[in-house]
């Protein structure tokens with residue numbers, strides 16, 4: 001009862017705080033006068049304003065929608081009992097992300113000018129927080145969850161700002177910023193909160209990992225929405241949507257990879273549905289950074305196939321090691337599903353950046369690598385930047401996670 | 001068996017009647033020659049034709065889609081058993097709404113020229129009817145439901161015509177026309193059909209109010225689609241989507257409000273999911289009229305927070321009073337979820353209208369308050385109109401409901 | 001265990017084969033230079049390139065999305081147990097369809113240039129394969145399913161190529177290519193695989209045909225997405241969307257038809273939900289070819305009403321005959337839901353083609369019947385072509401099915 005009172009009070013306090021901060025700082029973006037934006041506000045973020053004015057409104061719809069498509073998938077992993085808490089986390093993370101990201105990206109003359117773009121970036125941030133909570137689910141109470149969200153959103157935004165704005169890394173689908181950061185942040189919190197007596201319940205949690213309606217609906221949602229998601233930030237009307245095609249092929253190949261391994265590892269066919277979902281999420285994580293690059297169709301197939309192999313192997317061989325040696329408990333297996341594929345995706349993105357040539361990309365170059373297109377960087381420099389972003393993200397995630405824990 | 005025969009016969013008769021009426025009256029709108037529409041037909045309805053030609057087609061998709069997103073949410077409240085009947089109601093309400101609304105809005109030379117716009121307005125009407133049926137669910141048989149739909153659609157269209165076309169009220173999201181009308185119409189029908197012996201089953205119905213997969217899927221659907229929904233009728237390509245942002249913030253704040261009250265009112269955390277859904281629906285109802293106005297981000301947060309407080313308090317303190325004193329049974333709590341928030345939304349819309357200035361709205365003024373922009377009304381007159389629309393709606397809904405009952 | 005090993009090995013082999021074929025043949029379409037496409041590649045397929053460049057990208061999203069909306073509906077028919085296998089089928093069918101269709105439509109200089117269009121046509125093909133598997137579900141193992149997919153995709157593409165490219169048939173919604181082909185192909189496979197001892201389990205399968213969450217979610221998905229689906233290939237910005245309106249009315253009328261028959265045929269009201277889903281699918285099949293033609297609103301209502309009557313009558317009177325006389329077992333009733341309505345839709349399309357006049361269609365003529373608009377065919381010739389397409393499809397489907405079986 002005391003904990004319920006605490007939860008109620010904390011929600012009230014946080015909401016009042018947010019309302020006051022919004023009242024003081026947040027205003028609608030003066031988008032109706034488009035000239036203002038490009039001159040005064042830091043609109044170059046995510047390179048979306050150059051010629052992006054027209055289709056922006058609809059893309060926002062798609063993205064906000066996709067962010068929640070993701071949510072459905074996560075929900076399916078965490079079970080019906082924790083859905084209400086997950087939605088609370090989402091509701092608070094969005095408000096907080098609008099504020100924190102506003103201070104970094106949209107701050108001018110003491111006001112945050114927020115527009116549709118703020119919603120999209122808040123959705124990205126929320127996805128990372130949901131991944132983090134997956135690692136500690138069942139071992140922290142709602143009040144701790146809210147505090148974890150408070151710190152997680154702040155650190156996520158800091159990491160994203162360093163990567164995208166300061167280092168000029170291309171990571172439109174969030175391999176690093178969303179999947180890798182979310183996974184390792186959550187894992188470190190889980191490490192710090194480790195309690196020896198919980199180990200016994202591990203076996204029990206594993207058996208609760210059963211296929212249900214949510215797993216099916218979540219997977220189908222990802223299949224439907226994900227190809228649009230990866231391309232939403234980079235879509236141009238007259239360019240063939242590489243990101244969509246790459247996502248599409250990565251997805252189908254990861255599903256076949258599941259069926260290569262699952263029949264060998266698991267006896268019961270009822271567990272296969274969960275494997276498919278894991279593979280789908282892994283293929284998302286691996287294609288996040290490289291999605292808009294020149295992966296080529298067969299490259300996307302190979303990448304997706306490899307990504308689909310990671311979760312089953314990870315659950316079988318890596319999770320027990322993590323649990324016994326490093327004392328990291330990973331309730332929902334975010335390391336296998338988001339962490340490792342995210343790192344693989346970052347390495348793939350680096351490789352493709354190093355191989356990029358102006359001829360192969362054409363007009364697309366300005367979109368994917370604006371700094372290279374402007375001549376201020378070579379593709380090798382860009383590839384180094386992409387590579388450096390990986391340890392930076394890992395460092396921030398682990399340090400932040402330890403601190404939060 | 002006799003009732004099943006009745007249902008079958010009534011469906012057959014109504015379908016034959018609709019087919020004949022369609023054959024006599026309904027034709028495709030001659031949209032291919034856009035000049036015709038603006039000159040001869042009453043195309044000024046909902047102020048959508050001025051510059052709306054281009055994105056209309058896709059907006060219609062979104063709206064039709066959203067109408068059914070709503071449906072999913074309603075279904076979750078009414079249980080799997082009544083889903084089939086709900087879909088029957090929807091199927092008939094759409095046909096009938098196209099006819100009735102066609103006679104009022106799109107009638108020319110003895111023919112109804114129907115286009116994509118007819119589908120959208122029929123979907124709005126269907127949403128109101130679904131809200132009404134929520135109040136009487138479980139106490140009327142399918143045949144009565146169909147007759148209630150027949151009258152409800154007619155009265156809804158009449159009310160909508162008076163408000164939008166005659167009084168020039170701005171109510172793009174349907175705070176009054178959909179939520180308030182639907183709730184009070186249903187409640188009056190429920191009052192008239194009151195049978196004392198049913199009172200005993202009230203307690204039983206309350207316990208059946210459990211969280212299930214539908215509540216989760218419905219809530220997530222609303223989260224995904226609602227922000228698009230409120231803005232679909234008012235979207236312009238080069239204007240920042242205020243309605244989307246307002247909806248977004250209202251939504252997240254209402255969720256936090258749920259977590260302020262629910263832990264205090266309810267012991268079991270399993271009931272929280274239903275509270276979240278109620279809060280989500282309430283925040284929709286409250287933001288219906290004001291969505292496209294200058295709510296400001298923190299205003300949207302405050303409004304959403306207040307709206308989220310209404311349903312839990314209403315269920316705890318108001319529903320028992322309604323039931324014992326006024327002998328109104330409210331199976332699904334539509335008064336708390338749609339009625340009261342709808343009234344609050346109308347009052348908020350009135351306030352914001354009175355405060356509107358041409359400077360703050362800019363080019364948006366013509367869109368939100370076309371009569372004010374044309375100079376034929378001051379904002380005070382418009383605010384009075386908005387305010388008068390509330391008693392008109394309540395009167396029509398209660399009278400109509402009594403008559404139908 | 002041996003069968004699981006077989007499945008794993010086959011998946012691995014097929015994926016490796018696909019990757020190699022993709023590496024050798026498939027390249028991104030050089031869409032960034034739009035001039036190239038219209039000159040060298042066979043871009044006239046499905047008549048979509050004339051003025052279609054601009055909205056293509058979003059339409060693809062919608063279609064890909066819809067393809068999977070369909071999937072959800074199919075899943076609901078086949079039960080949770082077979083979902084994993086269905087997704088495997090989808091994942092492989094998409095890869096194989098991109099290859100096979102690429103060789104027929106997008107082959108140039110020894111390379112397949114694939115773009116967004118390839119995804120859409122692969123989704124169509126996958127839908128047909130899912131229909132086919134519905135007929136044999138529960139009687140073949142996953143390995144046989146994959147081989148059936150391998151042959152089915154090839155034959156589907158052959159049939160589609162003959163109909164659309166060689167004969168110039170208009171079948172944008174796939175009445176013939178998707179529904180009729182898929183149903184009869186599956187039925188013939190089922191006929192060949194007939195085993196007498198299975199007859200006894202028929203009764204048992206029928207009782208397993210219960211309403212569940214999937215039936216509801218699937219039906220609502222179809223209601224939401226189908227009107228967009230039929231129009232996606234033919235949408236123009238300044239033309240009133242006939243296909244959407246036709247789909248919309250066909251849908252609602254088929255639902256009322258369900259309620260005319262179901263109360264008479266079935267005692268329990270819990271079975272009605274499944275009837276609604278069958279009627280919805282049937283109204284999709286019947287409106288596939290005629291959707292973009294001048295059906296008129298009341299014509300769409302009548303067609304939908306008739307289509308809605310087919311499945312309940314078929315299940316009652318035709319399925320037992322099929323089973324006992326022709327020894328064709330039809331696990332999911334694809335003959336009643338897809339086969340017969342598809343044939344009816346083809347006949348309706350023929351009738352409407354014969355009645356088409358340049359006056360009534362206006363600028364739409366070039367879109368629906370490009371060969372007629374170019375003057376190289378009269379409407380009578382076109383109607384004959386549409387009619388001939390029916391026996392061609394039936395012949396290919398039955399021959400192919402026998403061979404595959």
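Note: Cβ is positioned from N, Cα and C throughout, glycine not excepted.
All annotation found in TrEMBL is predicted automatically rather than curated by experts.
The following features are taken from TrEMBL:
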TRANSMEM  B:7-26  transmembrane segment
DOMAIN    B:45-404  domain 'Ammonium transporter AmtB-like'
TRANSMEM  B:60-80  transmembrane segment
TRANSMEM  B:87-108  transmembrane segment
TRANSMEM  B:120-138  transmembrane segment
TRANSMEM  B:145-164  transmembrane segment
TRANSMEM  B:213-235  transmembrane segment
TRANSMEM  B:247-266  transmembrane segment
TRANSMEM  B:286-310  transmembrane segment
TRANSMEM  B:343-362  transmembrane segment
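Between the transmembrane segment (B:87-108) and the transmembrane segment (B:145-164), three or more CB pairs separated by 6 or more residues in sequence fall under 8 Å, so the two stretches touch. Contact between the transmembrane segment (B:247-266) and the transmembrane segment (B:145-164) is not supported: fewer than 3 Cβ pairs lie under 8 Å, counting only residues 6 or more apart in sequence. B:145-164 is the stretch from B:120-138, B:145-164, B:286-310, B:343-362 with the greatest number of Cβ pairs below 8 Å to the transmembrane segment (B:7-26). Per-residue confidence over the domain 'Ammonium transporter AmtB-like' (B:45-404) averages 74 (mean pLDDT, predicted model). Within the same chain, residues 170-171, 175-176, 179-180, 285-290, 293-295, 303, 306-307, 310, 368-369, 372-373, 379-380, 382-383, 386-387, 389-390, 393 sit at least 6 positions outside the transmembrane segment (B:343-362) and bring their C-beta atoms closer than 8 Å to a C-beta of that stretch. Proximity of distant same-chain residues to the transmembrane segment (B:145-164), defined by a Cβ-Cβ separation under 8 Å and at least 6 residues beyond the stretch ends, is recorded for 7, 10-11, 14, 45-46, 85, 88-89, 92-93, 96-97, 100-101, 104-105, 121, 124-125, 128-129, 132-133, 136, 171, 176-177, 181-182, 185, 189, 389, 392-393, 396-397, 400, 403-404.
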